[in-house]
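What TrEMBL annotates here:
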DOMAIN    16-270  domain 'NADP-dependent oxidoreductase'
ACT_SITE  Y58  active site, proton donor
SITE      K83  site 'Lowers pKa of active site Tyr'
BINDING   H119  substrate binding site
Amino acid sequence: MMETITLNNGSTMPLIGTGTNTYGKEGNQYRGELNGDFSALSSAIQVGYRLIDTAISYRNEAGVGKTVHDSGVERSEFFLTTKIPVQDEYIGSAESVEQTVLQSLKNLQTDYIDLYLIHHPIEDKGKLKQTWQVLESFVDQGKLKAIGVSNFDIELLETLKSFARIQPAVNQIESNPHTWNDELIDYLFAHNIQPEAWGPLSKVTEDQESALAKIGEKYGKNWGQVLLRYQVQRGVVVIPKSHNAKRQTLNLELFDFTLTTDEMAEIKSL
Ligand SMILES: NC(=O)c1ccc[n+]([C@@H]2O[C@H](COP(=O)([O-])OP(=O)(O)OC[C@H]3O[C@@H](n4cnc5c(N)ncnc54)[C@H](OP(=O)(O)O)[C@@H]3O)[C@@H](O)[C@H]2O)c1
């Protein structure tokens, strides 16, 4: 059973989704040529993923949209996320932001997007405000359900909050044993902004893997499942990505065990 959380706009978001940043690319490489092979995404949908995380900078938004559309699963079952890049080509003017959102809707073959994120910090306050206001107008029109940010620190969130008519629903940030980002995550919880962890299975050392695997023994879970369970159990959404159907399936199996307080504390201190 897939668990969900409720965002500050009232919509429901799955606690686990799939990343897509190497899907549809040669050699499963982030910078690989696009090759139209979205079998890994089809497999993710087939094994049960409904939150799909893409971005304009991944270059695969249209392929992701086609795969979702052709999956046979109803649009309403999906939670689609994409992200606007922060180069001037995309955010240089209100019109360019507008055109970018319209293109995302077209690429994703949908009349609404569940979550639209600003992919990286926009340091220029005027441009940040202008971009956010266009995103707010799309929320007013029902074309974006929730809007949020990615890789924003507390200071920039404070700036955004100071003028936002619609508060950010999500901050998608790195979180893994190398970079937990716990101070930021605490801030997000305190301000009703949902934390979402990218790279949740990345940068794990062999020692950390062994410690996680050991915790998993009594539950019959592997190190990856224990690590993902840690995040969802504390309320952080995770978007692990795999090109392997078996690992895609295992990564979803997080809701039939509960870590003890001591185990949670041990993982936090890894
Ligand atoms: N907002 C941002 O700035 C930002 C930045 C980076 C990423 N993201 C998003 O976050 C998503 C996830 O991050 P990510 O793709 O960088 O890294 P990740 O999900 O932490 O790790 C992916 C790697 O872990 C392997 N893996 C998956 N499940 C495993 C398991 N159970 N056991 C062992 N290895 C496993 C995969 O290999 P196999 O394919 O061989 O399984 C893959 O190489 C991205 O796809 C993207 O959508 C966002």
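Cβ coordinates come from backbone N, Cα and C, glycine included.
Features per TrEMBL, on structure.
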| residue | record | DSSP class |
| --- | --- | --- |
| Y58 | active site, proton donor | helix |
| K83 | site 'Lowers pKa of active site Tyr' | strand |
| H119 | substrate binding site | coil |
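Summarising the environment of the residue listed as 'substrate binding site', the number of other Cβ atoms within 10 Å of its Cβ, over all protein chains shown, is 21. Cβ-based neighbour count (10 Å, all protein chains) for K83 (site 'Lowers pKa of active site Tyr') stands at 24. Long-range Cβ neighbours of the residue listed as 'active site, proton donor' (same chain, at least 6 residues apart, Cβ-Cβ under 8 Å): T20, N21, Y30. Annotated pair K83 (site 'Lowers pKa of active site Tyr') and H119 (substrate binding site), C-alpha to C-alpha distance, rounded: 5 Å.
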